[in-house]
Amino acid sequence: MAAPLTPQPLGPGHTPVNILLVDDQPGRLLTYRAILEPLGERLVDASSGPEALQKLMQDEFAVILLDVNMPGMDGFETASLIHQHPRFERTPIIFVTAVNVSDLDRMRGYKLGAVDYVMVPVIPEILRSKVVVLAELFRKRRELQLANERLAAANEALRNEKARELELLNESLRLANVELAQRNVDLQSQIGERTRAETQLRELDRRKDEFLATLAHELRNPLAPLRNAVSIRKLTGSDDPFQDMMERQLGLLVRLIDDLLDVARISRGKLVLKPEPTTLQQILHAAIETASPVLEAGAHPLQLAVPEMPLPMLADGERLSQVFSNLLSNAAKYSDAGRTIEVVAQRDGQLVTVSVHDRGIGLTQQQIEEVFELFAQVDTSVERARGGLGIGLTLVKQLVEMHGGTIRCESPGLGHGSVFVVTLPLREVGFQPAHAPPPAALSRSTKSRSRRILVLDDNRDAADTLAMMLEILGHEVTRLYDPHAAVAEVERFDPDLVFLDIGMPSLSGYELARQLRAQPDGGRRVLVAVTGWGQPDDRRRTAEAGFDHHLVKPPDLDIVRSICDETQPRTV
């Protein structure tokens, strides 16, 4: 059984965030305080909707715990007023209710900005875990905002400095020939200053990339036990109607993290395409499959008009399917439920044009000019409510251009939908339809046999949920939280597979893998790295340390199952 969630105290340098507790019953407010005070955050009480609005005008809050059934202004009306204000429209709300809520009321709450519902009586561990995640996301978002502001200030200062230097240079050019020698000296000095400034700018860019990679790692760590828990519910046959919703939202978080890293890699020229023979039809099929949860969630009919004759391409199919799935997801996100989305492909010589039409909120001319800029947001209350980081279309444009193509956006105006037009080159490369390789020669008895598996992670929640998931799959599992006990436990337990976290204190997963490989029977075991780091250099390091597989948190259930099935169980 998984260990109960416990509040983690704030570490050094972490400033407490504000959490607003809104309930007309003082007894419930005391209960919420008793549950949340161990988190170390600043708790603010409000006994009514108007008082909550007054508190919001005085301070900024990471999350709002809001009672649905209050006299006078109820929770729904209060949430509506909160999210009409530009300052608070992105503040997450957790509704608390003592009565069963209909699906219609739930959808109403989600449209008003609610991220979750909690039933009374409140289960302390569940409430704390939800608040911890939202408070940490608020803290990380604030840190990212401050980092961007500091970078912008540094860039502005650098531009001003260069402007002053240019003025000095122009003045020196007007000096007489007798001043030429001195001007050359000044010029050499300026070249040195520019070199130092460029070095500093490269260092700032490197630190920004390191920050993004660290941010992705830190966000993936709490996502791992969440996805494991969702997978456990799926394996145990849970009929929770919100199961698919939770899977979609976790997938969205993982996709946002991956998009951040992709943009950083492209800006440094480190993202390398892997072109292979494929067809446009295969690329669009993969994109539609990826975007189908978003399309189904909004009940959007998809009309597809693509030539029957295969359109051959030499391209990175995975990256181009990422392009079109992003465009489809955007079309669904900015369209009201039930609106049709159209995808039309037309060949023009050695080019193909793919248009993605939606009947959504539309764009102004100024928004069209800015839509592909990094972190660009459509500045309307509707967009804010459906929001995003504003990096998806930037990534789409860069990937299209890396394939030698172009992308443009068109819209008749607000309320009239929009169309994104992608043009890509075709190339005849003797394409032959890809056939899936034959599955590994595993007998039914081999797949069904139990494996002995050791799970090691200093994050107890991650270790416990992964171990529970593997046990439900029918394997014999033991778990550890201390890496120093791993070698002795491997000798005692003799596992077939070992799932290892990489970033553990005092003893890293790399060093531990080398120790396990050095054992007399170490070459037989399958070592699986489970880590928040997923860059190519990280995968190279795990391979060099002796790992057989590299899983990026949160691990996917199907991949975990496949690794276990492919591993030869020990002979009894």
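A Cβ is built for glycine as well, from the same backbone N, Cα and C atoms used for every other residue.
Record features (TrEMBL):
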- 18-135: domain 'Response regulatory' (DOMAIN)
- D67: 4-aspartylphosphate (MOD_RES)
- 134-214: coiled coil (COILED)
- 214-428: domain 'Histidine kinase' (DOMAIN)
- 452-568: domain 'Response regulatory' (DOMAIN)
- D501: 4-aspartylphosphate (MOD_RES)
For D67 (4-aspartylphosphate), which residues in the same chain are close in space, meaning a Cβ under 8 Å from its Cβ, but six or more apart along the sequence? V22, D23, D24, Q25, R28, G75, F95, V96, T97
If I restrict to non-local contacts, at least six residues apart, and a C-beta distance under 8 angstroms, what lies near D501 (4-aspartylphosphate) in its own chain? L456, D457, D458, N459, A462, A463, G509, V530, T531
For the coiled coil (134-214), mean pLDDT (0 to 100): 82
Helix, strand and coil residues within the domain 'Response regulatory' (18-135) as assigned by DSSP: 55 helix, 26 strand, 37 coil
